[in-house]
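Chemist: Copying in the features that Swiss-Prot gives for the protein in this structure:
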type	residues	note
SITE	119	site 'Important for catalytic activity'
SITE	139	site 'Important for catalytic activity'
BINDING	296, 500, 660	substrate binding site
REGION	311-729	region '3-hydroxyacyl-CoA dehydrogenase'
ACT_SITE	450	active site, for 3-hydroxyacyl-CoA dehydrogenase activity
């Protein structure tokens, strides 16, 4: 053994060939600050070996390196910029030393080589992969860009076009695609990976492969003439702005950095990369996006803990077909849980089966399933007009019309037919679970399971705990949601639960703004373009359905009359009274026609302004700041109340529910991250200016206390101040 640390080992293989093996504690290798320092120490030993002829780099685990340790990111980002800069220079010196070894080097890639793992293999002369390998630089998805030379080496290895695509999108590539673009030199069966890597390395040692020629382009300027460069980078910048927009600066920064570095060799190009990385790392967007990644890990860990030792059901059932029931049945069948789909109406069953078939057809078109697989999945959905076989289902999801009497009757009816251990769940969006539980003899076996539309696309499932819901019931439903590929978040019962409870104050703020003379077109534009919502409030209401929103609004007003009751007609009332129900009947705040693919196309409708004139002040222009404040303050206050009342268990779960359930702009990170970025004292001061508008704008006491004590919702990560001093001996 030449060198051994907690994260990697260096030893001789044969005849002057050394092997560097990444083998950190735990299930995966990460390129954390400790591993980077250990790599430097290993190279320090290696550089002293006069008999060294070649180096093979591999992993002892099922993946090479999954990336940096993202749990360290916020601490790194909180370091003073000059400290972070020093550490990046230190880290890049190590990768340069790997690249500059006076012998050929090769990486054997099994599983993932992402982020820093990809940058590590780029520093070797050759790369060989097994078929399941995936290679990529996902940093831009986290609001940053490659920082260990990825933006320098990848374009010089592949050419600018392929490299820009990988870096700007953050998508990884398969082993076969990597071979096509020149990212790897060969793809071999897993059992032959190390042997083939060794063979290739020996060929390089014997002069049969020119390892110096393989290395040279990575040290030199990018080979592009001025015309090619102008075209390549102009097109890339245009695409990035179109896809990422102004709220996500990392992809454009990466493209501009690669462009600026194109005319330089490695040293100057790496300096430019570091100079671009540091400001991105200090940005609010990076903190928010890294926060989402960490929150996602936390939420998934909570689900795993809640359902520990509980298997997903072998058979499920959905009561109520149609689009929603069909969507739930499809998702269940797709993820290998057979499902009974029961309805009292043959047409609804047809609609449900057609929805499942349509979604499977899309999978077929994309090559995700073949015809045989599609048929076998569809065969695991059993449509029925009666309850035959329902007693065999372990979890039953009620998804009938959003009417408390109908839901209660259906739940009581099915409970009489099933065993004492069968779990019942209601896919209700607003009706309190405890209200529905009154119709049941075994309320401990009952909870809410709120799916979001469209089911196949929306990652969140709200699991609602009633007063009598047992832990066993929660565990079964969380296990089922997880098996379905969803992110379950457990919330406590109240009208609207969490997501809809906080959505309707936002929509109420919109309604008041229109009442006071706000133009809904301008409001939508500001909330989409400036704040970053995927849809403005008027457009969202059209998509949800004005009739659905009108009904839910009444439920919320009854549940929280002091804040959500209103003594005036608003824009939703006007649309509802005029039977403008949104996309479902082609007219709401906007008019809808179908495009060539049959998708709804939004158009302005002059009639709407005339209709709204009866309930609103004369049109006036509000500032962007006013529009954002008047719509967002009610939502933010309600989100905070939900945490203070224990409806949600943590800021992390609240923020993920908003991002996954409502499409809250990820670059803000969720309401709690947004508040921390804004500063609670600044928020309270801003909200105070709108307090005259009513109870929705009154800041909760807990948030006022946080503002007084200068507290945040997320712990502030201590800066890693000493990372740049971890120099090899």
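Glycine is no exception: its Cβ is also placed from the backbone N, Cα and C atoms.
Because the structure is a prediction, the values reported are computed rather than measured.
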Chemist: Please state whether DSSP places residue 296 (substrate binding site) in a helix, a strand or coil.
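Modeler: For residue 296 (substrate binding site) - judged by DSSP and reduced to three states - the answer is helix.
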Chemist: May I ask which of the recorded positions 119, 139, 296, 660 is closest to the residue listed as 'active site, for 3-hydroxyacyl-CoA dehydrogenase activity' if we compare their C-alpha atoms?
Modeler: 660
Chemist: How big is the substrate site in terms of the longest C-alpha to C-alpha distance among 296, 500, 660, in angstrom?
Modeler: 21
Chemist: Applying a 10 Å Cβ distance cut-off over all chains shown, what neighbour count does residue 660 (substrate binding site) have?
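Modeler: For residue 660 (substrate binding site), the 10 Å Cβ neighbour count is 25.
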Chemist: Kindly state the mean pLDDT of the region '3-hydroxyacyl-CoA dehydrogenase' (311-729) in the predicted structure.
Modeler: 95
Chemist: Below 8 Å Cβ to Cβ and six or more residues apart, same chain only. Which residues does that give for residue 296 (substrate binding site)?
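Modeler: The list for residue 296 (substrate binding site) reads 487, 656, given in order along the sequence.
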Chemist: According to DSSP, collapsed to three classes, what secondary structure does residue 119 (site 'Important for catalytic activity') have?
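Modeler: Its secondary structure by DSSP: helix.
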Chemist: With the cut-off set at 10 Å between Cβ atoms, which of these recorded positions ends up with the most neighbours? Options: 119, 450, 500.
Modeler: 119
Chemist: Give me the count of other Cβ atoms within 10 A of the Cβ belonging to residue 139 (site 'Important for catalytic activity').
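Modeler: The Cβ of residue 139 (site 'Important for catalytic activity') has 29 Cβ neighbours within 10 Å.
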Chemist: What's the CA to CA span in angstrom from residue 119 (site 'Important for catalytic activity') over to residue 660 (substrate binding site)?
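Modeler: So the alpha carbons of residue 119 (site 'Important for catalytic activity') and residue 660 (substrate binding site) sit roughly 31 Å from each other.
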